[in-house]
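Report on the following structure.
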Amino acid sequence: VGEDAATFNIFEQKITSWVYFTGILGVVLFALDALWIDSSFGFGKAFIDYVSGISDSNEIVMLVLIFIFAAVHSGMASLRDPSEKLIGPRAYRVLFAGISLPLAVSTVVYFINHRYDGVQLWQLQNVPWLHHLLWVSNFISFFFLYPSTFNLLEVAAVDKPKMHLWETGIMRITRHPQMVGQVLWCLAHAIWIGNSVAVAASVGLIGHHLFGVWNGDRRLALRYGEAFEVVKSRTSVVPFAAIIDGRQKLPKDYYKEFLRLPYLTITALTLGAYWAHPLMQAASFRLHW
């Protein structure tokens with residue numbers, strides 16, 4: 001009933017499409033830097049300064065930033081159907097990304113710069129095995145976090161963006177992998193950092209994704225009707241629940257659904273992001289947000 005996730009056939013790719021993708025990515029990054037990040041002209045610092053003026057508490061500012069992003073991101077997602085009818089799928093995707101991306105960058109940068117502020121609630125970094133356990137947990141979280149970005153050409157609006165009803169790969173484990181991945185990421189970082197800012201960020205992000213579980217099912221039900229109900233009946237929100245109770249029947253070669261280029265790409269990008277942590281922290285610090 002649903003679609004096969006993470007499929008990629010090199011022979012079906014068009015060079016021109018990836019040239020367009022590269023060009024669009026370059027324009028987006030340039031615009032993001034010039035209009036939002038650049039301290040002399042961008043609006044990012046003014047936005048952070050305004051939100052920071054709401055309270056002297058880093059925890060409250062963190063929650064407000066997450067709430068603003070969540071309200072815009074989920075609000076625009078809820079308006080996807082009427083918006084696409086009004087301006088078309090590609091224009092909607094550009095508008096959606098153009099508004100969501102700067103808010104996401106601001107929230108991430110603020111978290112990086114203030115992650116060690118606040119009240120220290122626990123200190124577990126000296127536990128010898130904890131770093132390795134949380135590293136593995138965080139690594140696994142990225143396989144859940146990004147199933148929606150498998151179709152990069154749709155993300156960049158090179159191909160016509162669609163609302164997909166996935167049913168293979170990670171979806172067999174949980175119908176809402178982004179929520180599960182976000183919970184894993186938040187728990188790993190909150191346990192390791194152990195202070196009130198990290199806990200506030202985790203509470204805000206997990207709350208946003210729990211709302212996304214309800215909102216995502218609602219939107220899929222409106223778009224796909226009976227087909228979604230079929231997929232819903234043999235999947236679960238709680239990881240592995242549908243497999244354990246027999247509603248999800250795994251094929252014998254289930255592992256092959258993960259031996260695909262998108263999952264290998266996620267592996268490489270996740271390792272790259274881990275090794276690039278010092279660069280990310282240095283870049284965030286220079287912004288003084």
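If you go along the chain as it appears here, the first residue is 1 and each next one adds 1.
Using the three backbone atoms N, Cα and C, a Cβ is placed for every residue, glycine included.
What TrEMBL lists as transmembrane segment is 18-37 (among others).
With a cut-off of 8 Å between Cβ atoms, the residues of this chain six or more beyond the transmembrane segment (60-79) that come close are 51-52, 54, 95-96, 99-100, 103-104, 106-107, 110-111, 114, 197, 200-201, 203-205, 207-208, 211-212, 215, 219. Residues or ranges marked as transmembrane segment by TrEMBL: 60-79 (among others).
What TrEMBL records for 61-280 is domain 'NnrU'.
Taken from TrEMBL, the feature transmembrane segment covers 91-112 (among others).
Per TrEMBL, transmembrane segment is recorded for 132-153 (among others). Outside the transmembrane segment (132-153), and at least 6 residues removed from its termini, the chain residues within Cβ reach (under 8 Å) are 5-6, 8, 17-18, 21, 159, 162, 164, 166, 169-171, 174, 177-178, 180-185, 187-189, 191-192, 262-263, 266, 269-270, 273-274.
The transmembrane segment annotation in TrEMBL covers 258-277 (among others).
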